[in-house]
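Novice: Per TrEMBL, the feature domain 'HTH myb-type' maps to 1-52, 56-103. Annotation comment: TrEMBL describes 1-48, 49-99 as domain 'Myb-like'.
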């Protein structure tokens, strides 16, 4: 059972340990030596998380994971240090899914064009709204919409 003081402390540490919008659990765990990383993540995700953040793997991210698995002989403790926001189980699962996908679909179709939504620091203004609309129309045209 978590005390209110522990909950407040966890919220504060989590908020201050974000890197590129992702929680670095290796930093969080240093403030809670009595807990495991799994316990902290589980409690946070079940009881404290106010908004779900999903990580969308890019092709570059997947290639980084595949390369790391190859270079480090699938030693997930070492690979996990390159992806601190993910558990070893999450990385292993992602790796296996990529390999399965490659096995069943060695020549994937080109992906549809998308808008890069990771640039959240851009404020939508009247000046750039027209540019964004033009980009959206081009993408819809490319995707046959």
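Cβ coordinates come from backbone N, Cα and C, glycine included.
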Novice: Just give the helix, strand and coil counts over the domain 'HTH myb-type' (56-103), going by DSSP.
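Specialist: Secondary-structure composition of the domain 'HTH myb-type' (56-103): 36 helix, 0 strand, 12 coil.
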Novice: Per DSSP, what is the helix/strand/coil residue tally across the domain 'Myb-like' (1-48)?
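Specialist: Breakdown, helix to coil: 31 helix, 4 strand, 13 coil.
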